[in-house]
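What TrEMBL records for A:H37 is active site, proton donor. As annotated by TrEMBL, ATP binding site applies to A:30-37, A:147-150, A:V176, A:184-187. Marked as (R)-pantoate binding site by TrEMBL: A:Q61, A:Q153. Look at TrEMBL and you will find A:Q61 tagged as beta-alanine binding site.
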Number of protein chains: 2
Amino acid sequence: MIICRTQSEWKKEQQVLQDQPGTFALVPTMGALHEGHLTLIREAKQHHARVVVTIFINPLQFGANEDFDSYPRTEDQDLKLLQREGADVVWLPGVQDLYKEKQMITMNTSPLGDQLCGSKRVGHFDGMATVVMKFLQLVAPDAAYFGKKDAQQLAIIKKMVQDFHIQTTIVGVNTVRDDDGLALSSRNVHLNERERIDAPILYKALTSGVNETAHTSNAQLITKKAIDQLEDSLASIEYVELVTFPNLETVHSLEEGNRYLLAAAVQYERARLIDNIIFTMS
Amino acid sequence: MIICRTQSEWKKEQQVLQDQPGTFALVPTMGALHEGHLTLIREAKQHHARVVVTIFINPLQFGANEDFDSYPRTEDQDLKLLQREGADVVWLPGVQDLYKEKQMITMNTSPLGDQLCGSKRVGHFDGMATVVMKFLQLVAPDAAYFGKKDAQQLAIIKKMVQDFHIQTTIVGVNTVRDDDGLALSSRNVHLNERERIDAPILYKALTSGVNETAHTSNAQLITKKAIDQLEDSLASIEYVELVTFPNLETVHSLEEGNRYLLAAAVQYERARLIDNIIFTMS
């Protein structure tokens with residue numbers, strides 16, 4: 001496994017990759033790798049000759065009061081896991097290497113990036129889209145793999161790649177969960193013992209909401225079902241919302257055959273957790 | 001000379017270009033070609049094996065009350081001129097072909113795009129940068145040529161390419177002028193006879209301003225010199241501003257060895273004209 005630090009080290013490896021036969025895929029991460037990330041890598045390896053993993057905690061997508069400083073950093077362990085999974089190249093750029101000068105031109109994801117998580121995390125999706133666009137230009141992979149847990153992120157990246165005619169296939173991979181249903185997240189380490197026991201309620205509530213579609217097509221009743229359950233949680237509810245997928249449009253009455261996203265964010269003492277279910281109305 | 005209309009026609013030609021030896025350059029235009037555009041093509045031909053010209057009037061960079069509908073369209077003559085200049089490929093995409101679905105993700109050029117022309121043409125530079133980014137992705141040229149007459153556009157594109165690590169060299173080409181100093185522009189056709197006689201005052205005023213730097217380093221006195229002259233014009237002044245180049249920062253006192261942009265926009269009855277001088281303080 002080749003480890004690159006600087007942009008120029010990466011550019012040499014990119015040349016090697018491009019000269020080799022077969023396609024290569026990118027798995028962009030912020031490190032603190034868990035089974036969810038490893039699943040992205042396994043999926044990527046099944047379809048591509050080579051897999052490149054980036055580890056970069058992007059300051060541009062963290063708000064002033066968010067957890068950039070406390071975001072878990074576990075580089076040694078990450079590299080061991082990547083070695084074991086058979087990643088071909090790992091690139092860990094420094095902040096100075098990606099933002100040599102102040103980033104003056106950025107991506108504008110409004111209105112897609114203003115709703116759901118974006119209504120609280122102002123500027124988050126613009127910052128995320130900006131760094132993903134930078135990586136797509138610097139890496140130019142045949143495909144890039146993202147988790148469906150960040151469904152809004154996935155929807156925005158897919159639209160960006162389409163809108164800007166970028167020759168990279170964006171692949172969304174199913175969320176990996178613990179046995180009790182809790183979606184894996186690097187931020188789960190910030191849950192205390194009681195919160196960890198409580199946290200599966202998030203997925204249970206979303207599941208109840210989706211099950212409610214057997215009885216009603218009324219979006220408000222479906223989200224209410226999920227909210228009612230979440231009110232028993234130790235966490236405070238940031239939002240529970242039902243929108244079309246991937247266009248993230250408000251919906252009042254669900255129509256058969258269409259795809260929807262039921263998404264929620266909750267706040268524990270030190271951890272903000274998100275989860276969602278993407279489903280087709282039947 | 002090969003003429004492409006649709007994106008798929010272009011993509012076939014792009015493959016041919018990429019398989020040929022040597023580099024290729026892009027000259028993006030909105031048509032209504034004049035000697036200024038032809039100079040871009042000649043410059044591009046001197047440094048590259050092949051030259052691709054696009055003709056596309058981009059609706060996204062025109063405001064609701066601007067001249068999208070009346071922007072001059074002279075396709076037959078444009079193609080004759082391009083043939084004569086030896087352009088290798090001309091691509092004239094349709095609006096539907098570049099904006100198949102509504103463009104949801106766009107470029108944000110603020111604050112660079114908010115000042116000078118941007119303070120009046122709200123959204124113009126975001127729309128311009130968005131379509132240039134689309135063309136850079138779709139064409140992926142070794143170099144792209146732009147006129148210095150649109151100095152703010154040139155500065156924004158250079159910064160965008162740097163910020164997003166795009167492997168295209170952006171080349172700025174000197175403004176071409178009529179014998180009386182008027183900068184060539186597709187919009188000059190909208191000047192009436194009296195206005196056409198008056199219009200060289202724009203460049204004369206800017207020249208007086210720059211000449212004033214022999215006597216003062218005070219930005220306000222320099223712009224005042226240009227404004228005083230422009231007040232004799234038939235046109236109304238939209239702005240005269242002196243900023244650093246290429247960062248477009250406000251400047252109060254000019255420093256030896258630094259580069260500056262003295263830029264102006266004026267409004268005649270049917271034509272809005274811009275011009276500028278980029279200079280180094282000596």
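Every residue, even glycine, has its Cβ placed from backbone N, Cα and C.
A quick note: this is a predicted structure, and the numbers were derived from the prediction, not measured.
In sequence order, A:V27, A:T29, A:G147 are the residues of the chain that are 6 or more apart from the residue listed as 'active site, proton donor' and have a CB within less than 8 Å of its CB. Highest local Cβ density among the binding-site residues A:M30, A:L33, A:V176 belongs to A:L33, counted as other Cβ atoms within 10 Å over all protein chains shown. Cα of A:Q153 ((R)-pantoate binding site) to Cα of A:V176 (ATP binding site): a span of 17 Å. Sequence-distant neighbours of A:G36 (ATP binding site) (same chain, 6+ residues apart, CB-CB distance under 8 A): A:G147, A:K149, A:T175, A:V176, A:A183, A:L184, A:S185. DSSP assigns A:H37 (active site, proton donor) to a helix.
Here the C-alpha separation of A:Q61 ((R)-pantoate binding site) and A:S186 (ATP binding site) works out to 16 Å. Neighbour list (A:K148 (ATP binding site), Cβ cut-off 8 Å, at least 6 residues apart, same chain): A:L154, A:G172, A:V173, A:N174, A:T175, A:N276, A:I278. Per-site Cβ counts within 10 Å over the binding-site residues A:Q153, A:S186 peak at A:Q153.
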